[in-house]
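Asks: One structure follows; several queries about it will come next.
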Amino acid sequence: MPLLDSFKVDHTIMPAPAVRRAKGMKTPSGDDITVFDLRFVAPNKEILSSEGIHTLEHLFAGFMRDHLNSKDVEIIDISPMGCRTGFYMSLIGSPDEQRVADAWSASMQDILGVKEQKDIPELNVYQCGTYKMHSLEDAKEIASKVLERRIGVMDNDALALDESKIG
C-alpha cells in the first residue's frame, strides 16, 4: 500500500505548535485546494485530551473561519487528527503558512475569551455525537500553551521521511 502524504514526514523531528502545508491540488474548475497540518503538540511526546480536542473542534472551526475566510480563501473543514496532536484544515485557496499561523493565534485568543461551557457552539444532543465529552478548561489550557510556545512554520523538505527508516 502506498504511503499517504501525511505519513511521508518524519514525526520524530516535527516541531509544535506549527503549520505545515500538507497538500495542494486543483478542483476540476481550476480552483486551489490546500490542506494544512496544524500541529498543536509534538507527536509521540504529548497528546491532547479527548475532551480538550473535542471542545477545540467545536470552537476552532468557527474562529478560524472568522479570521481566515476572505475573498480568496474559504475553509472547507477543520478536523482533529486521530493521533490527537493537532488538526487538518482543508480550504479553497492557497494562503501562505504565516497567514494561517496568524489566524490560528487569533483563534486561540478567542478560545481564551469563551466564558462558560454553555457558550460552546453545537453543545447539545442534537448537534454533537458525544455532547457530554467536553472541557472548556482543557481547551483553554491547550490554547494558552499554543500562544505561549508561539506557532512556527514547518519545512516539508526538512521533515521528509527517509523511507529506509521504516523498512
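Glycine is treated like the rest: Cβ placed from N, Cα and C.
These came from Swiss-Prot, pasted as-is:
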BINDING   HIS54, HIS58, CYS128  Fe cation binding site
Asks: Pick out which of the binding-site residues HIS54, HIS58, CYS128 has the most other Cβ atoms within 10 Å of its own Cβ.
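Replies: For the binding-site residues HIS54, HIS58, CYS128, the Cβ with the most other Cβ atoms within 10 Å is HIS54.
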Asks: With an 8 Å cut-off on Cβ distance to the HIS54, HIS58, CYS128 Cβ center, who else from the chain surrounds the Fe cation site?
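Replies: Surrounding the site, in chain order, are THR55, GLU57, ILE120, GLU122, LEU123, THR130, TYR131, MET133, HIS134.
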